[in-house]
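According to TrEMBL, the features are:
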type: BINDING; residues: PRO128, THR130, ARG135, SER295, THR296, GLU344; note: L-glutamate binding site
type: DISULFID; residues: CYS356-CYS409; note: disulfide bond
type: DOMAIN; residues: 63-119; note: domain 'Ionotropic glutamate receptor L-glutamate and glycine-binding'
type: SIGNAL; residues: 1-24; note: signal peptide
type: SITE; residues: ILE274; note: site 'Crucial to convey clamshell closure to channel opening'
type: SITE; residues: LYS301; note: site 'Interaction with the cone snail toxin Con-ikot-ikot'
type: SITE; residues: LYS390; note: site 'Interaction with the cone snail toxin Con-ikot-ikot'
type: TRANSMEM; residues: 177-199; note: transmembrane segment
type: TRANSMEM; residues: 211-231; note: transmembrane segment
type: TRANSMEM; residues: 237-259; note: transmembrane segment
type: TRANSMEM; residues: 424-445; note: transmembrane segment
Amino acid sequence: MDKGLCFTVWVITTLLLLRESSQAGEENNPEVLEAFTSGLGTDSRAADESLPTLTVTTILEDPYVMVRGAELEGYCMDLLRALAGMLRFQYRVKVVGDGQYGAVAASGNWSGMIGEILRKEADIAVAPLTVTSAREEVVSFTTPFLQTGIGILLRKDTVSQEMSFFHFLSPFSKETWTGLLFAYLLTCFCLFLVARLSPCEWNEPKSEENHFTFLNSLWFGAGALALQGVTPRPQALSVRVIAVVWWLFTLALLAAYIANFTALLSSGSEQLPIQTFEDLVKQRNLEFGTLEGSSTFYFFKNSKNPIHQMIYEYMEKRREHVLVKTYQEAVQRVMESNYAFIGESISQDLAAARHCNLIRAPEVIGARGFGIATTQASPWTKPLSIAVLKLRERGDLDYLRNKWWESSCLRQSRDRWRPLEPPALGGLFLALGIGLALGVIAAVAELSHSSRQAAGHAKKSCCSVFIEEICTRLRVKESTRPSQEPSGKANA
């Protein structure tokens, strides 16, 4: 009986522990959080009558809000569900009637989502709505949930240019090419020096000329770079050590060069002449514009930068041709014509991820953020800001960012081609240096062994014979011999 009671207590305790751990795991899982909060909002079946209901205005823009069947989905919808679950409110989503973000007209009235909030047609706006000073004067914004800037979206084939005459040098940086030249000259000099020191490379140093002259050593090193065997062929162990190390170095070097050159040709990153907004103004092949009535347009209008003023004047004079109504229209126009779109960089990153023939220029200006807009007297502004900060601290905003922006093209754009710097080949240069040092040490050892044998036969000091051999092989005394012969004949 006691055993049965103990077993029952043990089973109940285990079930309670498993239930607590399961609940804790669900609270920390963003996917479970999304599933938990998915019942809130427009789903009246799971709605609680005691919870307040907010009217949310938004705009259709991929990937923030998209229509899938009879429902809306996207980054902003996931964010809205998470906020509703944290702050315990219901919501009803409506798409902005005029399809605008919000700009002030000549009459002083606001359009878009900002206008709907001011007219009390909506309580909050959850969309890629940029926080600006003009909008902040009439509505309140929460802490930004996404950081962005202003970039240039281009089609790759409209901005490609002919390769430079020395484009084949691009796989390596200037520092790397300088290091390679120094390594080549040092290796050839070591070949020349070791071949002269080693007794195995010539039979009679006093009368015979060594095959590894400095010019022949340069030719031997160049032949290895071209993967071609050339004469003279090394015979001494020390010379062969240096030759083998140099061959291995050149094989690894050529493999790195071919791989990086292939990546260069496929990436096309060096074929982008429009790197900055100044480059965009100077060229004449592409039209450029932005969304009509957007914060980007007013950024250039209010900027004191001369380049930005030139961009605004161009767009203002040709607004009927270069300003677009929607983001989708902008992307389609970039893909189909010679048009560059100026807009939010984070949205352009998504376009480049979805369409692999598009690319964003490197320069990004006007750092800004997307925030949730409310009325100025709304009691929801501060709670929403705190909830956004909690989602950021927990990593849920990063999770949503990766969820809606991830694609194969985006992964390729992260790994943009770069020329190989010396640190990337540091191990290769180190191995070459060690090989050269081993070759020199081996040559000195061979010469020392030969000098000891010669000193034993001639009954001389080993050091004197060693120094004499070095001087003979390096031709140190060769210049003094011709001057002594005429003087001897004159005395005779």
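Using the three backbone atoms N, Cα and C, a Cβ is placed for every residue, glycine included.
No curator has checked TrEMBL annotations; they are predicted automatically.
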From recorded positions ILE274, LYS301, CYS356, LYS390, the one whose Cα lies nearest SER295 (L-glutamate binding site):
LYS301
Excluding near sequence neighbours, so keeping only residues 6 or more apart in the same chain, what lies with its CB under 8 A of LYS301 (site 'Interaction with the cone snail toxin Con-ikot-ikot')?
TYR312, GLU316
Under an 8 Å Cβ to Cβ limit, what residues of the same chain, 6 or more beyond the ends of the transmembrane segment (424-445), are close to it?
176, 179, 183, 186-187, 190, 193-194, 197-198, 236-239, 241-242, 244-246, 248-249, 252-253, 256
Integer average pLDDT (0 to 100) for the domain 'Ionotropic glutamate receptor L-glutamate and glycine-binding' (63-119):
91
Whole-number Å distance between the CA of ARG135 (L-glutamate binding site) and the CA of LYS390 (site 'Interaction with the cone snail toxin Con-ikot-ikot')?
25
Here's one to test understanding: among the recorded positions PRO128, ILE274, GLU344, CYS356, whose C-alpha is closest in space to the C-alpha of LYS390 (site 'Interaction with the cone snail toxin Con-ikot-ikot')?
PRO128
Rounded to a whole number, what is the top Cα to Cα distance in Å among the residues the record ties to L-glutamate, namely PRO128, THR130, ARG135, SER295, THR296, GLU344?
17
Inter-residue Cα distance where the pair is ILE274 (site 'Crucial to convey clamshell closure to channel opening') and THR130 (L-glutamate binding site), in Å:
26
Starting from the Cβ centroid of PRO128, THR130, ARG135, SER295, THR296, GLU344, the recorded L-glutamate site, name every other residue in that chain with its Cβ within 8 Å, sequence order please.
TYR101, LEU129, VAL131, THR132, THR148, SER294, ARG368, PHE370
Residue among recorded positions ARG135, LYS390 with least C-beta crowding, 10 angstrom cut-off:
LYS390
Cβ-Cβ neighbours of THR130 (L-glutamate binding site) (radius 10 Å):
24
Intrachain C-beta neighbours of PRO128 (L-glutamate binding site), sequence separation six or more, cut-off 8 angstroms:
ILE59, GLU61, TYR64, CYS76, LEU146, GLU344, SER347, PHE370
Which same-chain residues, if any, lie at least 6 apart from THR296 (L-glutamate binding site) yet have Cβ under 8 Å of it:
THR130, ILE150, THR290, ILE342, GLY343, GLU344, GLY366
Cα-Cα distance linking ILE274 (site 'Crucial to convey clamshell closure to channel opening') and CYS356 (disulfide bond), given in Å to the nearest integer:
18
